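**Q** I'd like to ask you about the structure that follows.
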Amino acid sequence: MNSLLMITACLFLIGTVWAKEGYLVNKSTGCKYGCLLLGKNEGCDKECKAKNQGGSYGYCYAFGCWCEGLPESTPTYPLPNKSCSKK
């Protein structure tokens, strides 16, 4: 029983350590989600935890929403072959 518990705990930690992180990106413009209040930011946290993003935590870093615990399928900035176009 203890072995099963240890294996489960290790798998959980591996998943947490290897989770993707990065700036949230707007797929249509290729730009980062912007923010002004650096550090703990309710807007960034909400965006990161949204169903379509799947992150575990978000905050404002260098005026962009940085997310942790993202699934590999969630795109992050910069997008390949797409530069930020502010139109």
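Just so you know, glycine gets a Cβ as well, placed from its N, Cα and C.
Model, not experiment: these values are computed from the prediction.
Quick paste of what Swiss-Prot says about this protein:
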- 1-19: signal peptide (SIGNAL)
- 20-85: domain 'LCN-type CS-alpha/beta' (DOMAIN)
- Cys31-Cys84: disulfide bond (DISULFID)
- Cys35-Cys60: disulfide bond (DISULFID)
- Cys44-Cys65: disulfide bond (DISULFID)
- Cys48-Cys67: disulfide bond (DISULFID)
**Q** Counting distance between Cα atoms, which of the disulfide-bonded residues Cys31, Cys44, Cys67, Cys84 is nearest Cys60 (disulfide bond)?
**A** Cys44
**Q** Going by C-alpha distance, which of the disulfide-bonded residues Cys31, Cys35, Cys44, Cys84 is nearest to Cys67 (disulfide bond)?
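**A** Closest by Cα distance to Cys67 (disulfide bond) among the disulfide-bonded residues Cys31, Cys35, Cys44, Cys84: Cys44.
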**Q** Under 8 Å Cβ to Cβ from Cys44 (disulfide bond), same chain, six or more residues apart: give me those in sequence order, or none if nothing qualifies.
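**A** Result: Leu24, Tyr33, Cys35, Gly58, Tyr59, Cys60, Cys65, Trp66, Cys67.
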**Q** Mean pLDDT for the domain 'LCN-type CS-alpha/beta' (20-85), rounded to an integer?
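**A** Value for the domain 'LCN-type CS-alpha/beta' (20-85), mean pLDDT as a whole number: 95.
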**Q** Looking at the disulfide-bonded residues Cys48, Cys60, Cys67, Cys84, which sits with the largest number of other Cβ atoms within 10 Å of its Cβ?
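**A** Compared across Cys48, Cys60, Cys67, Cys84, the most Cβ atoms within 10 Å surround Cys67.
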**Q** Which three-state DSSP class does Cys48 (disulfide bond) fall into?
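**A** Going by the DSSP assignment, Cys48 (disulfide bond) falls within a helical segment, counted as helix.
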**Q** Within a 10 Å radius around the Cβ, which one of these disulfide-bonded residues has the most neighbouring Cβ atoms: Cys31, Cys35, Cys65?
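**A** The residue with the densest Cβ neighbourhood is Cys65.
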**Q** Tell me the residue counts in helix, strand and coil for the domain 'LCN-type CS-alpha/beta' (20-85), as DSSP assigns them.
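**A** Looking at the domain 'LCN-type CS-alpha/beta' (20-85) with DSSP, the answer is 8 helix, 25 strand, 33 coil.
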